[in-house]
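Reading through the structure tokens given below for one structure.
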Amino acid sequence: MSQVLGKPQPQGEDGGEDQEEDELVGLAGYEDGPESSDAELDSGPEEGESRRNSWMPRSWCSEATRHECWEPGLWRSSHLLGIGGGWRMLRRQRQADFFLDFSDPFSTEVKPRILLMGLRRSGKSSIQKVVFHKMSPSETLFLESTNRICREDVSNSSFVNFQIWDFPGQIDFFDPTFDYEMIFRGTGALIFVIDSQDDYMEALARLHLTVTRAYKVNTDINFEVFIHKVDGLSDDHKIETQRDIHQRANDDLADAGLEKIHLSFYLTSIYDHSIFEAFSKVVQKLIPQLPTLENLLNIFISNSGIEKAFLFDVVSKIYIATDSTPVDMQTYELCCDMIDVVIDISCIYGLKEDGAGAPYDKDSTAIIKLNNTTVLYLKEVTKFLALVCFVREESFERKGLIDYNFHCFRKAIHEVFEVRMKMVKSRKAQSRLPKKTGATPNGTPRVLL
């Protein structure tokens, strides 16, 4: 017998869910504050940071990324809107003086940086285009080599907020004229891409140089190695290549006396979902609320008879959290395919006849029944997040219990959103305060609280 997450309270005269006060088992202190509202929590990026195409569904088809390429004194910017088959790009270029404030201690916590590095033609730009721009893998064959540092702001939800910096392979950023310390100081993760179908000895040498220099500047960087383009290798060759690269890279670090540096290795390809799964694991390490999200998912599935649950960012198909059960690649691929189908159909048929309205709200769901008695169940959590569950048909007969437990889960997620939003606003407000120097009248040092 499944345990219900919370007890329903008496409803008001309108019987709406907004007047329900539920308790989530094991999570004390989750109470609606005076500033809590779905409108605020679903607002996504702050005002002035996002734009939305008027014909797209409000809940799902929102701004995915802001892409900027750096030249001295010039930022070229384009906005990418929508997802799935509804992706549209509004390109605009502007010339302006732009200066990055790397000294702001709060900016690195609010939006960490992910660096994409590697040799030329290793596939860095293709990864970025496929994951965050929904480019078809076959179209990446026509991409030109990157000849400048490109920065991309990813602001899909309150949890998925980071910057991706794509470094050209031919740039020697350790040149004396290049301030690499400024780059590494605010970096959360460094992804080094190695072409598995090419001779990777030079790539391993560059990897060692990059990791050792970056670690001296910032010991908190997560070092991730993408062994890329493995789609052309046999299964045995994939395993052998990963083992060889893993062994050589760690031996080089051991010879330099840097055994404490940890490298994570992933086999990736843009022609399957492996690149999305690898990016999911990279992004999860940058989410401070990950333990809370995983705990919420564990409580939810254990009390609802659900086999597996993912919390997806629907724009990029990166899952920001899952329960403690192992992740199966086929399960993840089914979730990604379901999101594509649901979003593409919604962009076509979800709007009203006049093209207005919001076809998705907090009650929107999608159900797909498979031939193996498994049900895929999708529920919208926020404008950018969706919960995708795997449920057996016999367990799905208790859909009322699942929906009620989901209501408790969604409410707890919104509470986590609210805490993060308040923290971000507080840090931004502190960063704008003028720094006080000198001493107080009694001669003691002045401390800014």
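Keep in mind that glycine also has a Cβ here, set from the backbone N, Cα and C atoms.
Residues 428-449 are the range that Swiss-Prot records as region 'Disordered', among 120-141, 428-449. Ranked by Cα separation from Lys229 (GDP binding site), the binding-site residues Arg120, Ser122, Ser126 are led by Ser122.
Cα of Arg120 (GTP binding site) to Cα of Thr140 (GDP binding site): a span of 14 Å. Close to Thr146 (GTP binding site), meaning Cα to Cα within 10 A, are the following binding-site residues out of Arg121, Ser125, Thr140, Ser269: Arg121, Ser125. For the binding-site residues Ser122, Ser126, His228, Asp231, a Cα to Cα distance of within 10 angstroms from Thr140 (GDP binding site) holds for Ser126. Cα proximity to Asp231 (GTP binding site) (within 10 Å) is found for none of the binding-site residues Arg121, Gly123, Ser125. For the pair Ser125 (GDP binding site) and His228 (GTP binding site), the C-alpha distance works out to 12 angstrom.
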